[in-house]
């Protein structure tokens, strides 16, 4: 090569390097600009992201791929052909990726380039991947929580990719268990919101959880993907864990002792044929079972315990809770019959039918769940919020319980809400009747006060305290946690006090009747 030709080649090479450096510099500046807080409108967020996409698709570089990295954004560019065999990307193999972050991966099928190569065979196709490790650019109207705050995006050339036969697989991992959380794979749908430049949508995506720490998304298109995390209620502050556990342990222990004493007093009672008293005893028995299984549930999640044992205990705990709630409703129904003056109406095998409902119906529900999907029971994680020093935002506390959020919503919250609502209606109706009785009297008799206290005490003890479970949010969270824990852990003790007061009243009434009979016999 002559000196002039060599000089020309050198100048061309130098110019190409200068262009490449300027291109990379512009891309890094734009990526760093995206890391800064911006407005919510389309003109700010969408414009910056689309600008980055276009620059990556048109960037000039040597080799087959390009990787750019800033603090919270990573951009990848790949040169593909129509003979694309597929591509697997993993954060563990990508360069310049912080090992502190939770891992992620994307897998593209060979079908990806078929749509672009149907009518023509372009010499080069560009696949770009933009990974956002911050979610501030993709905030929707609901301010949704994203797993790890990861948003992983991909785009093929300047054309949309939809309805793939073999989906794109996107894997998200977390360094803590995700059991007990509702996770769903979503994509960013532009123009789906009036107040933001888009919204999260699950269309075209299928969610799978291969393990407790991994979420696998199968999506039939290319766009920006994330995993929504939906917690059932506000997370419990971690610093309250110890006092709440202590209150629960002490309260349940007291209730267990009180329930055993109640059974002992009932065994010694002379008035064992009374249906109302027997209903009390069935409720007491279900509460005793509930307290015992609750105390055991946290111990059975230890690594040394077999998993089937935890599953069985979770099913028994759920059965005990449903049975307790059912017997609370039965108590309310029995009170309704008593105050409605229809208690003396003969109901054939009344107590047997109530037992079939109180013990049999919950057993049927639990058995159906076990037959349909036994995995709904097992080690479950309770959400605890904590400081952000480790970057996770929550920690895990396990117990043997229901793992399915849908089952928990229907057969715990829904079942308990229906029971509480029924007893609240009975309470309001009973108070209305007592107010009418008082209005007929010129002066309030002590019996009116006793009846009011009886109805209030009985109905409050029959499940109305469970309505506190529906106030676990906002400013109500802290008082609700302690009130709910105190009242419901001591539920067996309150039943014991109620039984003692009723027994004392019955004994006094029986004694008065005997004295009246004796005095009548003496006068004759």
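Heads up, the Cβ atoms here are built off N, Cα and C, so glycines get one too.
Its own atom aside, the Cβ of residue 217 (disulfide bond) has 25 Cβ atoms within 10 angstroms in the protein chains shown. Annotation source Swiss-Prot lists disulfide bond at 185-217 (among others).
If you draw a 10 Å sphere around the CB of residue 205 (disulfide bond), it holds 21 other CB atoms from the protein chains shown. Marked as disulfide bond by Swiss-Prot: 205-219 (among others).
As annotated by Swiss-Prot, disulfide bond applies to 310-400 (among others). Annotation note: residue 400 (disulfide bond) sits in a strand segment as assigned by DSSP.
The number of other Cβ atoms within 10 Å of the Cβ belonging to residue 58 (N-linked glycosylation site), over all protein chains shown, comes to 10. Taken from Swiss-Prot, the feature N-linked glycosylation site covers 58 (among others).
Long-range Cβ proximity for residue 65 (N-linked glycosylation site), meaning a same-chain Cβ under 8 A and a gap of 6 or more residues, is found for 76, 77, 78, 79. DSSP assigns residue 65 (N-linked glycosylation site) to a strand. Sequence annotations record features per position, and here Swiss-Prot assigns N-linked glycosylation site to 65 (among others) based on sequence analysis.
Annotated N-linked glycosylation site per Swiss-Prot: 96 (among others), in sequence order.
The N-linked glycosylation site annotation in Swiss-Prot covers 143 (among others).
Taken from Swiss-Prot, the feature N-linked glycosylation site covers 169 (among others), and the record attributes it to sequence analysis. Sequence-distant contacts of residue 169 (N-linked glycosylation site), defined as residues of its own chain at least six apart whose C-beta falls under 8 angstroms from its C-beta, comprise 105, 106, 107, 216, 217, 218. According to its DSSP assignment, residue 169 (N-linked glycosylation site) is in a strand.
Feature annotation from Swiss-Prot assigns N-linked glycosylation site to 175 (among others); the stated evidence is sequence analysis. According to its DSSP assignment, residue 175 (N-linked glycosylation site) is coil.
According to Swiss-Prot, the feature N-linked glycosylation site maps to 390 (among others).
The feature N-linked glycosylation site is assigned by Swiss-Prot to 396 (among others).
Positions annotated as region 'Stachel' by Swiss-Prot, on the basis of similarity to another entry: 224-232.
Among the features that Swiss-Prot reports, topological domain 'Extracellular' is placed at 24-246 (among others), with the record citing a curator's inference.
Here the topological domain 'Extracellular' (306-319) has Cβ contacts under 8 Å with residues 289-290, 293-294, 296-297, 300, 362-363, 366, 369-370, 374, 377-380, 400-402, 411-412 of the same chain, all six or more residues outside its ends. According to Swiss-Prot, the topological domain 'Extracellular' annotation covers 306-319 (among others).
If you look up Swiss-Prot, you'll see 373-413 (among others) marked as topological domain 'Extracellular'.
If you look up Swiss-Prot, you'll see 477-480 (among others) marked as topological domain 'Extracellular', on the strength of a curator's inference. Across the topological domain 'Extracellular' (477-480), the prediction's mean pLDDT works out to 76.
Checking each of the recorded positions 58, 175, 185, 205, 219 against residue 400 (disulfide bond) by C-alpha distance, the shortest gap belongs to 175.
If one looks beyond the transmembrane segment (481-500) by at least 6 residues along the same chain, the residues whose Cβ comes under 8 Å of a Cβ in the stretch are 236, 240, 244, 247-248, 250-252, 254-256, 258-259, 261-262, 265-266, 280, 283-284, 287-288, 291, 457-458, 461, 465-466, 468-469, 472. If you take the CA of residue 185 (disulfide bond) and look 10 A around it, the recorded positions you hit from 175, 205, 219 are 205, 219. Each residue contributes its Cα atom, and for residue 310 (disulfide bond) and residue 219 (disulfide bond) those atoms are 35 Å apart. Between the CA atoms of residue 175 (N-linked glycosylation site) and residue 219 (disulfide bond) there is a gap of 24 Å. Non-local neighbours of the transmembrane segment (320-340) in the same chain are 275-276, 279-280, 282-283, 286-287, 289-290, 293, 354, 357-359, 361-363, 365-366, 411-412, 415-416, 418-419, 422-423, 426, 429-430, 433, 455, 458-459, 462-463, 466; each lies 6+ residues outside the stretch with a CB under 8 Å from one of its CB atoms. Note: the topological domain 'Extracellular' (306-319) comprises 13 helix, 0 strand, 1 coil (DSSP; helix = H, G, I, strand = E, B).
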